Amino acid sequence: MMAKIVGLLVLQLIAILTFSAGFFPQKSVLKGDAEFLYHPEAHQHITPRFEKLVLVVIDALRADYLFQDEMSQFRFVHELLNKGNAWGYTAYSNPPTVTLPRLKGIATGSTPNFLDAILNVAGDDSSSSLEDQDSWLRQFRVREQTINFFGDDTWLKLFPRHFFNEVDGTSSFFVSDFEEVDYNVSRHLPQQLASQNTWDVMILHYLGLDHIGHKGGAFSTFMRPKHREMDSVIEQIYSSVDEDTLICVMGDHGMNDIGNHGGSSAGETSSGMVFISKKLENYDKPAAQQHEKLPIETKSEDYKYLTRVNQIDLVPTLATLFNFPIPKNSIGVLIPDFLRLFSPHEALVKLKDNYQQILSAAGQQHKQLDGVKAHIEHMRDLQEDLAKTATNYNYKLLSIGFVLLFLVTLKVGALSNKELNSSIALHLLVAVSLLLSFSTFGSSFVEEEHQLWWWSSVGLVGLSFVKAPRRAVSIFLILAGLRFIRGWNNSGQKYIYEHTMSEILKRHYHWQWVLNAVTILAVPLGRRNQTLRSNLTGFSLSAVCLVYKAAWNVVNGEQVPAWLQKVLLEILPDAAKSADPIEALKTQLVPMARLFFGAALGLVLLELLLHRLNRQSDGLLEKIHSTITTILIFQTSSTNIPQFLVFQIIAPLIESLWRRLWGSNVTALMTIGLVLQHLTFFQFGSTNSIATVNLTNAYNGVSENYNIHVVGFLMCVGNFAPAIYWSTACLKILYTRKPQYNKWQLFAASRLPALLFYCIFGCFLLGSCVIQRYHLFIWSVFSPKLCYYVSWNLFMHAVVGWVLEGLVVVLS
Amino acid sequence: MPVKKRALPKKSVSFSDDETLTKSRRSGDKNHSQIHDGPPIYVKRTIKTVPVHLLALLYYYIKLSHNFDAVTLLYMLIPLQLAYLTLQFNANTVYGHKILRLRMSLIPISLGAALVLTVPCMLIIILLGAPIAMLLRETWILSAHYCVLGLPAIYSIFKCNFKVGIFKKYFIAVAVGCWISCVMIPLDWDRDWQNWPTPLIMGAYVGAFVGYSIGSYI
C-alpha cells in the first residue's frame, strides 16, 4: 500500500506542475527594435523636446503621497505643480503590483505576466531579463546615449550591465533599513549634477519609502520625514538642471494602508507620477490641474487625484518627447497633454505613429479616424483589451495536467474508500474538501478562505459538543483557544478589525514580551516525559531563541521593554560596551542565528542518538517536538509568538477529546489536523494574496551573499510555521501510544487523508482556473491561489508531510 | 484500515423518551433510567406543530421591513412565539400520556429565563466568531432572537422539570441554521442583507422552522 500511495503522490505532483507550466507560460514577446511606423521620414525633422532625462522612481509612492494635503509633505513639488512647472498624474499600475513586473511595464510599456510576480520574490533568475526586449532604455542605448543608474538593483537584474555607464545598486535586503538605502543613492547626486555633460539619462530608484510602508504601514511616523527628504532631492535636481531636462518622479506601485502591495486594490494600483521641467511653464497645465490648488484637500476614496493615466503611458510619452520610436511591445497611449509641446502637424505625426504602433501590437487593421480625441479613445480601448488578454495559455499542458490529476483523484478516492473503511470521519473529510473545492469558483471565497476554515472549525467543535455534551469544559476551552487565534490577525481582504490581538500586543509591548518569554520558555515543559537533561538542553535552546528574537526586534527599531534590553546587554557585553549598541547588536544577529540553528540540529541529533542507544521503538517525535516548536517560534514574527502558547494549551485537549470521541480514528485526527493547519496559517496574517508573503524571517542567519535555496526554505518555514506545528503535532499524537500495527501501515493511513484532500481540492481549483481564465480577477485572485496551492502541496504536503515526517518515522 | 478501535460502549443518541425507556429497561442501563425517571414526555408527530408564523415573519423581514430592522422583528416575534407555544407547541406536547394546559405562571418565568439566557448566548456567539469590540448591540439582538426562538422549548423544559435532553434538538436546529447562513457573509456582493447579523437572523428563523416542524420525528 505504501508504494502505491507514494506512486500516486508523485503522479499528483507531476500533474499539478504540468498544469502550472501551462498556466503560467512565459509571454511571447516581439523581438527586435522598434522603428517609426507612420511616415518615418516625417519624424526626422522633429527635434526632441528634451535632451536629458532624470527618472526618479520612489518605490511605493502612492498618488496621495504626492498630491493630498493630509498625507503629502512634498512642498516643493506642490509649488511647482501650482506654478505649472510640473504636471501631475495618478498612474494606474497594472497588478501584480510588485517591483519587478512594474519595472518591466515602466521600461517596455507592456503588461506583466504573472510569473514576474513570483520571480520578484525568487530573486536572481535570468528569464526575467530585458536584454532582448525593446524598451526605452534600449532605444536610448541604440542612440548611443549614456545612462547612469543608482538605486534598487532590480534594474540591474532586468538590464545587462552594458546598458549603463555608471552604476550603484542598492538591495532591498534588509527591509528595516529606512536611511542607508536612500543615502546610497543620494550621495551620488552632487557629483552627477556637477558633471551633467557626461550623461543623458539618470535613473534613481529610492527604496526607503517602501520599506517604511512594509514596516509601519501607510501612516507610519517615518513617512513624513521621508517625504521631506525625497522632496529635497527633487529640489536639488531641479535647481541644477537646465530647461532641456525632463525630470520624471514616479512610484512603481502604491500600497494599501497596511503598507503591503502586490494585489489590485485601489491603493496598491494608484501610484503618483509627476513630470517636471522648467520648460513646461510655457504651456497650458493639464485640464484637471488648472482648477486645483495643490496640495488637494479633499480625500479621494479611490486615490484618484488630478488626471488619471496608465503607468505604461510613460513609455510612448517619453518616446514622443525624445523623438525615438515607441518600443515594440508597448501598449501605452501617449499622454495627450504633452502634444502641446509640438506644432499641430508634428503632434498629428506623433499621435498617428503611436496609433499604428498599438494597432500592430494588437494585430489589428488601420482604421481612419479624425481628431486627437478619437485616436486617443480608440487607443485606450485597444489598450484595455490588450491588457486583459496578455497571456496565452498552453492548452496541451493544461489538459494533460488536469486529466492526470483527475485520474489520480479517482484512484486515491477508491483507495481511501477501501483503506479508511468509509467511516464518518472519511465523510467529514470529504465534506470539508468539497466545501473548500466549491469555494474555488467564487473569487470572494478565495479571498476570504480563512472564513471557511473558521466555519469548518466551528462545525467540528459543534459536532463534538453534540456528540459528547459531558466534555463541555474541554470543548469550551478549545473553542476559547481557537477564538483567540481567530482574533489574532486580520486575514482576507474584506474586513479589517482594528483591535486584533497582534495590534493590542504591539501597543502593550511589555505584555507582548512577557507572553513571548513565557511561550518560548514553556516549550520544553510541554514535553510528556521530562528529564533534567531534556529540560536543561531545552531551556538553553529557548533562551537563545528569546535573546535572538529580542535582539532582532531591537535592531529593527521595534519596541522592546527596558528589562529585556537590560538582559540583552547583560548577555552580550560586547554590544553594551560599544559606542553604538544597536550597530554592535546587528553584527551579532547572524552568528547568533547560526548558533541557534546549530544547537537545534545538535539537540535533534542528540535525542536521536539517545533514542537509538536505548533501543526504544516509539516516542522519538515526542522527544524532538519541543525542539521543532522552538525552531518554528524562531521563524515567527514577534507578535505571533504567543499563539504558540495557545497551541500548546489546546493540543493536549484536542488529543484527549479525539481519543474519547473518535476512538483514536486516524482519519478523524488528520481531518482535524488539516483544518487546524489552514486555520492557523490564515490567522498568522497570511492570505491568498502574494502581498502577504512574509519575508522578515527568511534571512535569519543568512549573510550578505546568500544562497537562494536557503532563503527560500527559511521563507517557507516562516510562512508555514503554524501549519508545520499542527502537522507534526498530529503525527506526534498518532505515535504517542505504541501502535498496534506496523508503523509503516500507520504512516500510510495517516498520509492518505491529506492526499485525498489535496487531490479533490486540486481538481476543482484547476478546473476553476481553466473555466475562469478570462475572468477579471484571474491574475489577482485565482493565479495567486493556484500558487499558494502549489506551495501547500509541494512544501506542506510533500516536503513536510512526507519527507521530513517520513524521516522521523524511519528513524524512530 | 487496520487500526483497531478501542472498545467503547455503543452510544446512541435518541430524543424520544418512549424508546429510551424501553431500551433502558431492556438493557438495564442505570445511566439512562436515572435521567428519564419520570413519565414519558414527547412532542407528538403531527403537522400541527409547523410554525407557520416564522415563515410569515421571515417574509416580512426580507420583503417588507425597513432596512432589515431586527428590533421590530423581535417585538413581533415575542407575541407570536407565545401564541405558537399556547396553540401549537404545548397543545401537542405529551407529559405522561396527558396533554397539560398551559401554566400561566411559567410564561413570565420562561420569558425571564430567555432574557437571562441572552447573555451566555451572546458570549457563545462571540466565541463562535462574532466581533468582540464592535457591533455588540447587533450581536445581542441576534442572541435575543435566538432565545425567543427557543422560547417554546424553554417553557417545556421548565414544565418537565429540566429534562433538557428532550428539547435540546430545537436549540441545535436554530444554531445549525445560523451556522449555515454564515456562508453568505464573505461574498463580495455588498448587499444590505449581508451586514451582521442579518443573514444569521434569517438562518435562525429557517433553522427554527425546520426544527419545530420535524423536531418530533428525530
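Cβ coordinates are placed from backbone N, Cα and C, and glycine is handled just like the others.
The domain 'GPI ethanolamine phosphate transferase 2 C-terminal' annotation in TrEMBL covers A:390-811. Feature annotation from TrEMBL assigns signal peptide to A:1-22. For A:393-412, A:424-446, A:595-613, A:633-654, A:666-686, A:706-734, A:755-774, A:794-811, the entry in TrEMBL reads transmembrane segment.
Counting residues 6+ beyond its ends, the transmembrane segment (A:666-686) has Cβ neighbours under 8 Å at 420, 423, 425-426, 428-429, 432, 449-450, 453-454, 456-457, 460, 482, 485-486, 488-492, 502, 636, 640, 643, 647, 654, 658, 692-694, 719-723, 725-727, 729-730, 733-734, 746, 749-750, 752-754, 757, 796 in the same chain. Sequence-distant contacts of the transmembrane segment (A:755-774) (same chain, six or more residues past either end, CB-CB distance under 8 Å): 5, 8-9, 12, 15-16, 19, 23, 388-389, 393, 398, 401-402, 405-406, 408-409, 412-413, 416, 429-430, 432-434, 436-438, 440-441, 674, 782-783, 785-786, 789, 792-793, 797. Only residues 6 or more beyond the boundaries of the signal peptide (A:1-22), in the same chain, are considered here, and those with a CB under 8 A from a CB of the stretch are 393-398, 400-402, 404-405, 408, 411-412, 415, 419, 744-745, 747-748, 751-752, 755, 758-759, 762, 766, 786, 789-790, 793-794, 797-798, 802. Sequence-distant contacts of the transmembrane segment (A:424-446) (same chain, six or more residues past either end, CB-CB distance under 8 Å): 416-417, 452, 456, 460, 463, 494, 662, 665, 667-668, 670-671, 674-675, 688, 753, 756-757, 760-761, 763-765, 768, 771-772, 775, 777, 781-782, 785.
Taking every recorded stretch in A:595-613, A:706-734, A:794-811 and counting its Cβ pairs under 8 Å to the transmembrane segment (A:633-654), the highest total belongs to A:706-734. Same-chain residues lying 6 or more positions outside the transmembrane segment (A:706-734) and placing a CB less than 8 Å from one of its CB atoms are 121-124, 621-622, 625, 628-629, 631-633, 635-636, 643-644, 647, 651, 655, 658, 666, 669-670, 672-673, 676-678, 680-681, 683-684, 686, 693-700, 746, 750, 791, 795-796, 799-801, 805, 808-809.
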